[in-house]
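Database features, via TrEMBL:
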BINDING   351  substrate binding site
DOMAIN    12-326  domain 'Aminotransferase class V'
MOD_RES   201  N6-(pyridoxal phosphate)lysine
Ligand SMILES: Cc1ncc(COP(=O)(O)O)c(C=O)c1O
């Protein structure tokens, strides 16, 4: 049977992949090129410098991989750590869980602080664990900045302070897959040793380009692994191969050319708007979404305002209502893609992604669609209440600061 045609645009409100600006799509429509030509570095060399800006870094080194965020997790761990090394981390959602699982499968000794889903990393507990580690066996602290599964943002500045307060030399690895390019991120100021991003969220590109911003300290740690028998195996993600080629604008293997052109254009979009404006826009759209949720009489998965994420809101369906049905109905009936609940919160939450290229009216479309799907599924919300609350807030709070 042929698939049903759904007229009009699909409203993509999963928290990544996100909507791609038209000009970025056009920039990616390119003929193939020789990536070893004399012209190629004029595209790539500025990219390494410009990409740093979205990480809040001037001192870091950018590596670009044909990969998704998961590959970049692996890149951070395998370049800097050896088998059996201790790493400290917290689990509070599906993505922190998956990164822990990877670290364990790679043969690291992972110390996990279990946190309630809907909360995030606890700097005071991290400090306590580091203070107790008198012999400095913990080599890295891993934190997911924005837990996309639960709509929770952790305070990376506070985690940095905790590490410093414990006078501990551990590296700081931060997953910024659903924060970088949308939420304030200051890799230099927070002394983040590996900051990890994927192309399909704040960078407004298709999936397929993994980005890491690496500190001098992490580069040294990677060099220190050379020649060790217990070093973790790394081949495709080995920074050494990239370090030999990138400074002259080349890659150790065939780079995904359209994504590089797309990245150039996406960065131009972000810089034209101004990063501070981009962060402000996400804060306003995030708050507007939460106002709608409150007007519906529903609760977010984030347990208290300190955890609220400005890129994704995970909304708890009322007792007895299957959130998966709300999502399916929104898609089939209204051509609206909402984010599913993952693992522990499957069937319990639906997510509205408000990340990337969007504005007031696009968000209001998603809120209207979610509201209609809630009503169609028998949830007792006042028709129009979410849209009214969000639109009042948006009228009072312009998206642009300047
Ligand atoms: C916070 C976070 N980390 C990691 C990942 C995994 O990234 P990818 O799906 O690009 O491999 C995701 C994906 O959504 C994510 O949201």
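One is the number of the first residue shown, and numbering goes on along the chain from there.
Placement of Cβ uses the backbone N, Cα and C atoms for every residue, glycine included.
Keep in mind that this is a model prediction, so the values were computed, not measured.
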Inset, instruction - Measure the Cβ-based neighbour count of residue 351 (substrate binding site), defined as the other Cβ atoms within 10 Å of its Cβ. - result: 28
Inset, instruction - Round to the nearest Å and give the CA-to-CA distance linking the residue listed as 'substrate binding site' with the residue listed as 'N6-(pyridoxal phosphate)lysine'. - result: 15
Legend entry - For residue 201 (N6-(pyridoxal phosphate)lysine), the number of other Cβ atoms found within 10 Å of its own Cβ: 29
